[in-house]
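Features reported for this protein in TrEMBL:
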type	residues	note
DOMAIN	A:11-219	domain 'YjeF N-terminal'
BINDING	A:ASN61, A:ASN62, A:GLY63, A:GLY64, A:ASP65, A:GLY129, A:PHE130, A:SER131, A:PHE132, A:SER133, A:GLY134, A:SER135, A:ASP158	(6S)-NADPHX binding site
BINDING	A:ASN62, A:ASP125, A:SER161	K(+) binding site
Number of protein chains: 2
Amino acid sequence: MALRTLSAANAAALDKELMSTGAYSLDQLMELAGLSVSQAVYKLLPLNKGTRVLVACGPGNNGGDGLVAARHLHHYGYQPAIYYPKQNKNELYQRLTTQLHALKVPFVTSLPNPLTTSTYDLILDCIFGFSFSGSIREPFPSVIAALASTTVPVLAVDAPSSWDIEHGPPSEGPGKDYHPGALISLTAPKPLVEKFRGRHFVGGRFLGAEVAERYGLVVPPYEGVAQVAEVPVDGEGKL
Amino acid sequence: MALRTLSAANAAALDKELMSTGAYSLDQLMELAGLSVSQAVYKLLPLNKGTRVLVACGPGNNGGDGLVAARHLHHYGYQPAIYYPKQNKNELYQRLTTQLHALKVPFVTSLPNPLTTSTYDLILDCIFGFSFSGSIREPFPSVIAALASTTVPVLAVDAPSSWDIEHGPPSEGPGKDYHPGALISLTAPKPLVEKFRGRHFVGGRFLGAEVAERYGLVVPPYEGVAQVAEVPVDGEGKL
C-alpha cells in the first residue's frame with residue numbers, strides 16, 4: 001500500500017485547523033513534534049552518555065521543533081549543540097532558546113569544515129519544513145551544501161531541507177545531491193517521501209481518526225506510548 | 001536513601017520559577033506532566049483496546065494534567081472517560097476540553113454508585129494537587145468518599161486528593177481511609193510520600209540538574225526516552 005501523504009497546502013490547512021477549531025496551541029504541537037523527533041534520534045542512535053548531536057535550526061517552525069528536540073535529548077543524556085544562525089524573535093522561540101541556555105546546551109556560531117564524525121555523531125536537519133518556498137537565503141546555501149557532503153548521519157525533520165515538498169530533490173543548487181539517511185515526517189508524510197530512500201519515521205501523535213480520515217490520511221502505527229513510529233518506504237533503509 | 005521531597009511552598013516556588021525565568025509556558029509543562037501520567041497508566045495497566053479509565057478532574061492544574069493524560073490515553077487505545085464537575089473557565093482548560101471533545105472522549109456527569117470494576121478498570125485521581133488547601137467543597141467530599149471506598153485501582157496524581165501535602169492522610173473526613181494503590185509525583189515527590197504505601201512513579205521530565213540541586217532534589221532515574229520512572233518507597237508496592 002502506498003503511503004498516504006499530505007500536500008504542502010493540506011499540511012498548512014491541517015496545522016491551521018489544529019490551532020483553530022482543534023484548539024491546540026503552537027506550544028503544545030511543537031512540544032509533541034519535538035518530542036517525537038527526539039525519540040526518532042533514540043531509535044537511530046543508541047544512547048551513550050556523550051553522544052554528540054548537532055541540531056541545525058532554521059528560522060521557522062522546523063527550527064522550533066529542533067529546539068524542543070534538543071532539550072529532550074539533553075534530558076536523555078545526549079550532548080546536543082545548536083546551530084541557529086537566524087534566530088526567530090517571536091516569544092515562543094525566545095522561550096525555547098532560554099530553556100536550552102538554562103540547561104547549558106551550547107549554541108555554536110559556525111559549522112566545522114569539513115563536517116565529520118570527529119565532531120558530531122548525528123545531525124538533525126531542522127532548517128526548512130513543509131512551508132519551504134524554494135528560495136534559500138544566506139547563510140543556508142552553504143549549510144545545505146555541508147549537509148549534502150557530510151559524512152555524519154543526518155536525520156531530516158519533515159523534509160530534507162531544500163527539497164520541494166511535492167517533488168523531492170531540487171534539480172540544481174546545493175541540495176541537488178542531498179540524500180539524508182533518515183527522515184521523520186511530522187503529522188503525516190509529505191509527497192516528497194516518494195523520492196526518499198532511507199529510514200523513515202512518523203511523529204506528532206495528536207492526529208485523531210476523524211481528522212485523519214478527512215485529510216485522506218491514516219493514523220500511523222504507533223506502538224504503546226511511543227510518540228514515533230517507523231514506517232517503511234520503498235527501497236532499503238539506511239542511515 | 002530517603003527520597004528527596006519538595007514541600008508545598010517549594011513546589012509552588014519551583015512552578016513559578018519554571019514559568020518565569022525558566023521560560024516554560026503552562027501549556028508546555030502541563031503537556032509534559034499529563035504525558036507522564038499517561039505513561040504511568042501504561043506501566044500499571046497493560047493496554048488492551050477497550051480498557052476503561054475514569055479520569056476524575058478537579059478545577060485546578062491537577063485537573064488539567066488529567067485532561068492532557070486522557071487525550072494521550074485515547075491515542076494509545078485506552079477508553080478514557082472524564083468526570084469534571086467543576087470545569088475551569090480559563091482559556092487553556094477550555095482548549096484541553098475541546099481537544100477531548102474532538103476525539104469524542106466522553107464526559108460523564110456523575111459517578112456510578114457503587115464505583116466498581118464493572119464500569120472502570122482504573123481511576124485517575126486528578127482532583128487536588130500540591131496546592132490543596134485543606135478545604136473540600138461540594139461535590140468533592142462525595143467524590144473522595146467514592147475514591148476511598150472503590151474496588152477499582154486508583155492512580156493518584158501528585159497527591160491522593162484530600163491528603164495534606166506535608167503530612168499525608170487527614171485525620172477525619174472522607175479522605176481519612178483513602179489509600180490509593182499508586183501515585184505519580186510530578187516534578188518531585190512531596191513530603192506526603194512518607195505516608196504512602198503503594199507503587200510510586202515520578203514524572204514531569206523537565207527538571208535540569210542545576211534547578212534540581214538548588215531545590216535539594218535529584219533528577220529521577222528516567223530510562224531512555226521514558227517520561228516516567230518508578231521510584232520505590234518504603235513498604236510493599238501494590239495496585
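Each residue, glycine too, has its Cβ placed from N, Cα and C.
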Within 8 Å of the centroid of the Cβ atoms of A:ASN62, A:ASP125, A:SER161, which other residues of that chain place their own Cβ, given that this set defines the recorded K(+) site? A:ALA56, A:GLY58, A:GLY63, A:GLY66, A:CYS126, A:ILE127, A:PHE128, A:GLY129, A:ALA156, A:VAL157, A:ASP158, A:ALA159, A:PRO160
Using a 10 Å radius on the Cβ of A:ASN61 ((6S)-NADPHX binding site), the other Cβ atoms enclosed count 24
Counting every protein chain shown, other Cβ atoms within 10 Å of the Cβ of A:ASP125 (K(+) binding site) number 28
Does anything in the same chain, at least 6 positions from A:ASN62 (K(+) binding site), have a Cβ under 8 Å from its Cβ, and if so what? A:CYS126, A:ILE127, A:PHE128, A:GLY129, A:VAL157, A:ASP158, A:ALA159, A:SER161
Out of A:ASP65, A:ASP158, which of the binding-site residues is least crowded by other Cβ atoms within 10 Å? A:ASP158
Give me the CA-CA distance between A:ASP65 ((6S)-NADPHX binding site) and A:ASP125 (K(+) binding site), in Å, as a whole number. 10
Rounded to a whole angstrom, what is the largest C-alpha distance between any two of the residues A:ASN61, A:ASN62, A:GLY63, A:GLY64, A:ASP65, A:GLY129, A:PHE130, A:SER131, A:PHE132, A:SER133, A:GLY134, A:SER135, A:ASP158 that the record assigns to (6S)-NADPHX? 21
Given the binding-site residues A:GLY63, A:GLY134, and counting only Cβ atoms in the protein chains shown, which has the most within 10 Å of its Cβ? A:GLY63
Under 8 Å by Cβ from A:PHE130 ((6S)-NADPHX binding site), counting only residues of that chain that are 6 or more apart: A:LEU6, A:ALA8, A:ALA11, A:ALA12, A:ASP158, A:ALA159, A:ILE165, A:LEU186, A:LYS190
